[in-house]
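Taking it in order: structure first as structure tokens, then the write-up.
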Amino acid sequence: MTPGAIERSALRLDRVGATLAALGVGGLALGPFVSARPNRIVDGVPHGLFEALPPSLAAFVALVAAAAALVALSQAPPVLRAFAGAAALACLTLALGQAPRHLTAPGDIYARVAPGWGYWLAGFASTLLIADALTRLRFRPLARLAALVIAGLAAAAAIGSGALDDLSIMKEYAIRATSFWAEARTHLALALGSVAAALAIGAPLGVAVHRVTAARGPTLAVLTVVQTIPSIALFGLLIAPLAWLARTIPGAAEIGIAGVGAAPAFVALTLYALLPVVGSVVSGLGAAPPPAIDAARGAGMTDWQVLAQIEAPLGAPTFLSGLRVVTVQNIGLTTIAALVGGGGFGTFVFQGVGQTAIDLVLLGAVPTVALSFVAAVVLDAASESAGAHA
Amino acid sequence: MITIERLTKRYDDDVVVDDVSLEIAEGAIVAVVGASGSGKTTLLRMINRMVEPTSGRVLIAGEDTRATAPHLLRRSIGYAIQGHGLFPHRTIAENVATTPKLLGWDKARIEARVDELLSLFGLEPAIYGPRRPHQLSGGQQQRVGVARALAAFPRVLLMDEPFGALDPIVRAKAQADLRAIQRKLGVTVVLVTHDMDEATSLADRIAIMERGRLVQEATPVEVLTHPATQFAADMFGADERPFRLLSLKSVADLTQPGEAGGEPIAADADRREALAALLWSGRAAAPVTGAGGERLGIVTLARLVEAAAAKAR
Ligand SMILES: Nc1ncnc2c1ncn2[C@@H]1O[C@H](COP(=O)(O)OP(=O)(O)OP(=O)(O)O)[C@@H](O)[C@H]1O
Ligand SMILES: [Mg+2]
């Protein structure tokens, strides 16, 4: 190797890492680390890292962030990069939990301290650094699930330890702890229940239109039209017919059918999930190579045996990645169910919007994002292990 | 053994197979040849009812194929296609076991049969059985495709350009293997091919299709020397015909008493090889030796040239 080549390789920067380092360090240096308010509805006052924290802690955070940025910039091995990202994220978040004590007088129960966009940016960059490193490590599906469990335990430990209790979002949570978990259950039941219902209807429908080619175009066209109705309009559209059903059919109201509430939300979410479910069943079943299907029939398989033994297993990865999209989509869309009184995390979001209390909006939005993320990782792992033969 | 009676397939107004009748003897290899689109694949697939005939019927061992449900019929007929159609998500052993499993054989019997077939096709069962199709070469995949078709002791083996995707050397080996295995198992083979060498060297009889019609069905020698139509004549190529004819017989019965020098030729070598050897070494005659290396006599260039003429048969 020539001296020039050595110099070049030492100077070579990691492109993704450089972007993340700039994002994180820039966010911390330029943006507010927290925003503090005397009470929950007035405008916040931004505080940079060194205002928000005692000097020694602020210096420590800056040091850790700088070290993580250097690791991100360099050609460090993925394990080290993941570790740097995790250390930065943990350090930023635990320090964030200390900001309220530094900024507000003891005993002031009205004051609110929320993360500023400087924290969000640096936290986002750290998370991406971890995600990028995990991708480079090419974890097997099972290892990815294990990583997810570890991340979940770390988050639970951070929250459970009380280290974050003084933050605004946790104060909102403390007031609503009981209803938070009730809405969480509703949210999960609506999101996953509607996906299950869409599967129960859409999977047989997908198999049917896969077989009867002539029915494929019209069916998918109808479902596409449903898909294009804006979600709020669809929720609204369902109020009248469901209210009518509840009035006219005896017993319908008793089993929960009503113009507002969970029923229209459930129906609308199911309708939204139907197109992607049918679509991914159809494209999954179409993924098997035609000579393999020909050979399977030639070997003496019945149509059902070809479906169960050849088309279904070969289409499973496509189907499961479609299911991942549907599930993530419905977890997000369920937020809107609160508009028709369906409940779920959307309840906090819309209450927060109504009260211009951003902390309350976050109490609804953060768990929704976390749920989507978990669903995406789990179903991604399932899809990949179903395709392990390829 | 297979009787095809006035078989016709029409798609709307297109007559794809037109009133074809054909008798195929038990244990024979019949090659079906013809231009692209002449209806070869359709004819083949009507035998195992992958395509249902518009009219006419097919009898196997005297029994009308319509008497059996299609999927049950197909379990008694081997089917091998170009591009092998192996199941990518199943191991080689599972692929070969497909039809026996459908027939409900017990595990031990299936295992024994899979091992037997893989060995027969030169694939060590312990090594190749657990592999997936993508871990095999094209030639190996193709052999597995044929092994799978033969797994449940079919009476009939249908093959649609099974060697079409292989390079010439691998293809020649696959053809030789097929011939040996077919002789051993005594299965009746219907082989669709575009390769005239394959047809003349492998088949006992050649069936020539032209625009849906069967225009000739005869032995390779007859098809070569007395083609029924201009198309049948063209198909074998005017410049290739004498050599194809020579390749069909061995030098044994051209051997005459005499003395000649140089590299000897085996009595069971085909005449085309013998001619090539003489031309290449610039000799007018070569000694012929038997299986044990004993001298049987000589074969002369003159006799070989004479044998290459169409009248010579
Ligand atoms: N399902 C079908 N519907 C309509 N026409 C068909 C169908 N299958 C085959 N054909 C037509 O029938 C004719 C014969 O097709 P076939 O596949 O039997 O030909 P082939 O002799 O096997 O040709 P190749 O050598 O190219 O494989 C072609 O013109 C083809 O377009
Ligand atoms: Mg064909």
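From the backbone N, Cα and C atoms, a Cβ is placed for every residue, glycine too.
Fair warning: this is a prediction, and the values are worked out from it, not measured in the lab.
Copied from TrEMBL, the annotated features are:
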- A:184-379: domain 'ABC transmembrane type-1' (DOMAIN)
- A:52-72: transmembrane segment (TRANSMEM)
- A:79-97: transmembrane segment (TRANSMEM)
- A:117-135: transmembrane segment (TRANSMEM)
- A:142-164: transmembrane segment (TRANSMEM)
- A:184-208: transmembrane segment (TRANSMEM)
- A:220-243: transmembrane segment (TRANSMEM)
- A:255-275: transmembrane segment (TRANSMEM)
- A:331-354: transmembrane segment (TRANSMEM)
- A:360-379: transmembrane segment (TRANSMEM)
Sequence-remote partners of the transmembrane segment (A:117-135) [C-beta within less than 8 Å, at least six residues beyond its ends]: 16-17, 20-21, 23-34, 48-49, 65, 68, 72, 78-79, 81-82, 84-86, 88-89, 92-93, 96, 144, 147
Top partner of the transmembrane segment (A:142-164) among A:52-72, A:79-97, A:255-275, A:331-354 - counted as Cβ pairs under 8 Å: A:79-97
Interface-richest range of A:52-72, A:184-208, A:255-275, A:331-354 toward the transmembrane segment (A:220-243), CB pairs under 8 Å: A:255-275
